[in-house]
Every structure is written in C-alpha cells, then in structure tokens.
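Asker: Have a look at this one.
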Amino acid sequence: MDLKDNSFAKKRSTVFVVLLIVFCFFLMFSAFADGFNFWSPWSTDFNSRVIHIKSDGNIETTSIVSHELHPDFKAVRFAFGLVIVLFISVIAVLMNWELSNSIFKNYEKLNLSLSLLSGIMVSGGMIPTFFVIYFREWNATVNWIWTASFAGMIVFLWAVYMISTSFIKIRPSLQVIYSLGAVICFIACIGTIYFSVIRGWTTIFLLIAIGVCTDTFAYLFGKRFGKNPLIKISPSKTWEGAFFGVTGTVLTISIICVLYSIPNYVRQPSIKDASKTALQTPQNYDVHNLITNVFLISFISGGSTFYIYWWVSTLALIFTASIFAIGGDLFFSYIKRLTKIKDFSKLLGKHGGILDRFDSSSFLISFFFIYHVIAGISSNQRLLMEPNTYFSAVS
C-alpha cells in the first residue's frame, strides 16, 4: 500500500511540475503573440478601441462620448467567442450527465433531458451576450439587464431540477444536492466562457492552476504529515493537508502573479484635444494582467498604501479561492460516497470523468465569476462584459 501511495504521489508531483512548465510556455507564447501578431485574439491591436470625444473648446464641456471595439475585429472576436461557447456547452452537457447519472442511474431520458437543458441554457445565454458586446453597445443598463437575466436563469434551473427530480424515488437530500451541484456546474461553465473570452485565456488557466495546486499540495503534505481527519465524508483528507494545500497555493499563485504582472503604477491615461487639453480616459487595462483580470485590482495609487492594498487584496482572494477549491473537492467527494461510486464516469479513462478532474475548479470558478458579477453591478468604472483593452485611437 505504501509503494502505491508513493508511486501515486510521484505521479501527482510530476503532473504539477508539467502544468507549471506548460503555463510558463503559454506565457512565453502569449508574449510573442501579443508583440508580433496583430490577429491574436489577445493581442494589443486586436483589443484596440476607438475613443469618440465631444468637445466645445471648453475644458468643462469636454467629454468622452464612447469607446468602442475596433470595427475591423468585431466579427473575428464574435466568431472566436462562438467557438468557445459551443465547446463549453458540450462540456456542460457532459458534466450534468455525469452528475445526474451518478444519482439516478435508471432514468436515462430524464438524465439526457436535464443535461441537454444545461447546455442549451449556456449557449442560449452567452451567444446573444457576445452579439451585444461586439455588434451593439454594452452599457450600464445592459449590464443590469444581463445580471438580472443571469439570476433568473439560475432560479429557473434550480426550479426545473427540483421539480423534475420530485417525480422519482430519491431522498430529498439527494434531490437538493443534485440541484445544487448542477447549478454550480452551470455557473462554472458561464464563468469559464467569461474568463476565457473577456478576460483572456491566462485568467482561466490561472484559476484552474489554483485548483490543481490546492489539490496537489493537500495530497502530498497530507500523506506525509496528516494526522487529524478534516471531515467524515472524506477520511483521506486531513487538516494538515488542507493547511499546506492552501499555504502552498497562496505562495505559488502569488509568485506567478508577481512574475507575470509586476505591480507597477498604472496612471490614468490621458489624450489631448486640439486645444492641448488633457482628457481623462478609462483605466488602461492589460489584456493579460492577472491581477486586474482575475482579482479586479486596479493600480491607481502610489506609495506604501499601494503595496499594502495590492498584497492584502491579492493574497486574500487567492486564499479564498483555495478554500473554495477544497470545498468543491469535498462536495463532489460527498456525492460519490453517497452514491457509492469511485468515479463519475470513465470518459477520461483512468482519470475518471470531467467532474472528477474539475470538481475543485468548478467551485472556485463559480466563486470568482459571482465576484465579478457583484463588482460589475457595484462599480461604475468596470462593467462585467467590458473587455480588457488598450485605448489607442481617437476620433
């Protein structure tokens, strides 16, 4: 048994190292793509915007009318978003099917119907969203309407899941657990699309890395130092493993964030009109800045206050994300224990199913997406679906 555990631990360590190497490779690729390929979906030129300015020659009446995505790239970005939406919609169907099939195996038609509903809701919600983003105007009013619609979709799905499962013979607790798990998977899929397309691929990769780091550190240190069980539903998990998992993740992810988005001051960019008057424009967001994209921390202050704010906010959010990753792992482990299964499916062979691989990530992505939704409705400066862009043109 010890030999098997040691072998498994080595495999997990190898996977973790490989993921870090791949992440660094992607960062290098991103740097070259942003520097030399204007067609890159995450390049500076691809995200450039046209700023429309209205001025009567008086500083008091000078204002920015609007800032729109460059028209040459709207169709390409919409097509890119469409591909991501369709792919994640398929993932949503598979995740829901694995979850429902584990809880009520003998109801294939019900499983298929609920799974397809999840995929339809994902694609039906996000395709119109990207159409508005790239071919219409995403303003504060649209932002509120979208947020209300998103909340309505969650309530609708919860009601459908609860009502549908009430007609079959399962325990009420399993009924609630399934509905909760299915809604979380739905939010995670919407969040994955959002982070991948709107915030850049590095952000979704970083969120998945948080889940992988937490799981890996918790397992390795738990096997070595674990003595006190964390919770009865998962005897193999210990408090020591959870502590080192969270601590190791906070250190690792914060280092990655620092290396890839060095905390320099970002001044409010200004543009001068014909009368040489400086006009304040919106914050100049970096397409791949992990701190602003994931944690929504804007570098607009200086001195010691800036560094304290940066470190406290970043570390607190990474810590919270790691806790949610552990919660996701425990939640889906609890479902497997209740249903007496080892894996949700054999879709990925020895690695189990999609839910087995992304159980922790689904919780933390859902957390960060809800965090972004709340930030989007509470701040007038950063709308939820406003892409991170550079402002490079004036008309």
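Cβ coordinates come from backbone N, Cα and C, glycine included.
According to Swiss-Prot, the protein carries these features:
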TRANSMEM  13-33  transmembrane segment
TRANSMEM  78-98  transmembrane segment
TRANSMEM  115-135  transmembrane segment
TRANSMEM  144-164  transmembrane segment
TRANSMEM  177-197  transmembrane segment
TRANSMEM  201-221  transmembrane segment
TRANSMEM  242-262  transmembrane segment
TRANSMEM  306-326  transmembrane segment
TRANSMEM  358-378  transmembrane segment
Asker: Using a Cβ cut-off of under 8 Å, list the residues of the same chain at least 6 residues beyond the transmembrane segment (144-164) that approach it.
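Answerer: Sequence-distant neighbours of the transmembrane segment (144-164): 110, 113-114, 117-118, 121, 125, 129, 175-176, 178-179, 182-183, 186-187, 190, 373, 376-377, 384-385.
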Asker: Need a quick answer: max count of Cβ pairs under 8 Å to the transmembrane segment (177-197), which of 78-98, 115-135, 242-262, 358-378 is it?
Answerer: 358-378
Asker: Can you tell me which parts of the same chain pack against the transmembrane segment (115-135), counting only residues 6+ beyond its ends and a CB-CB cutoff under 8 A?
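Answerer: Hits for the transmembrane segment (115-135): 69, 74-75, 77-78, 81-82, 85-86, 88-90, 92-97, 100, 142, 146, 149-150, 153, 157, 160, 182, 185-186, 189-190, 193, 197, 385, 387.
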Asker: Give residue numbers and ranges for long-range contacts of the transmembrane segment (78-98): same chain, 6 or more residues beyond its ends, CB-CB under 8 A.
Answerer: 41, 111-112, 114-120, 122-123, 126-127, 130-131, 133-135, 182, 185-186, 189, 192-193, 196-197, 344-345, 347, 353-355, 358, 362
